[in-house]
Amino acid sequence: MSEINRDRNKIQEHIKHSRSSKNQILELAGLEDLITYISTAINGNFNVVKQIEIISSGKIQNISLSKKSKEHLHDSIVEIEQIRDQASLSSDIIDRISNTYNNILNNQTNTTMKILTVYTIVLSIPTIVSGFYGMNMKLPVADKWWSWFFSLAITAIMILMILWDLHRRNSL
């Protein structure tokens, strides 16, 4: 249990100071599996020791144990209960760390998607403006020497307006 707690603390500290990695997630999954196996084993041992206690008390069969053996049996029950509680606590903490990882990864994904959406919107504007000026139809100022600069100015103004609106809405 102390080794599991040490590994859990190491992963927890790493979460606080850096970005999560695939290795840390796999380590956390390994700890979850390990604590599940340990909890199952502890519960099995607890049931066996409790059955021995019931049998030694004479309720089912009459098996006599010495006073020292009964004390050892009682001490074993207390220790197993403590280990079971500690395993349950460790399992809860590992679940919370796992949920924290999930939240961090979801936030990182949401931020990435937001940035990619803004880039897509901003980069589509030059395509739209140049598409209008690439058509075979009469457009204003298309035959002037400064028409290319005019289309660049329209594009820049539209991009700035979109960025300003996104910033105003706290979408950036």
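Cβ from N, Cα, C; glycine included.
Source: prediction; values computed, not measured.
Annotated in TrEMBL:
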- 115-133: transmembrane segment (TRANSMEM)
- 145-166: transmembrane segment (TRANSMEM)
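Tertiary neighbourhood of the transmembrane segment (145-166): same-chain residues 118, 121-122, 125-126, 129-130, 133, 172, selected by CB-CB distance under 8 Å and a gap of 6+ residues from either end. Sequence-distant contacts of the transmembrane segment (115-133) (same chain, at least 6 residues past either end, Cβ-Cβ under 8 Å): 139, 142, 147, 151, 154-155, 158-159, 162-163, 166, 171-172.
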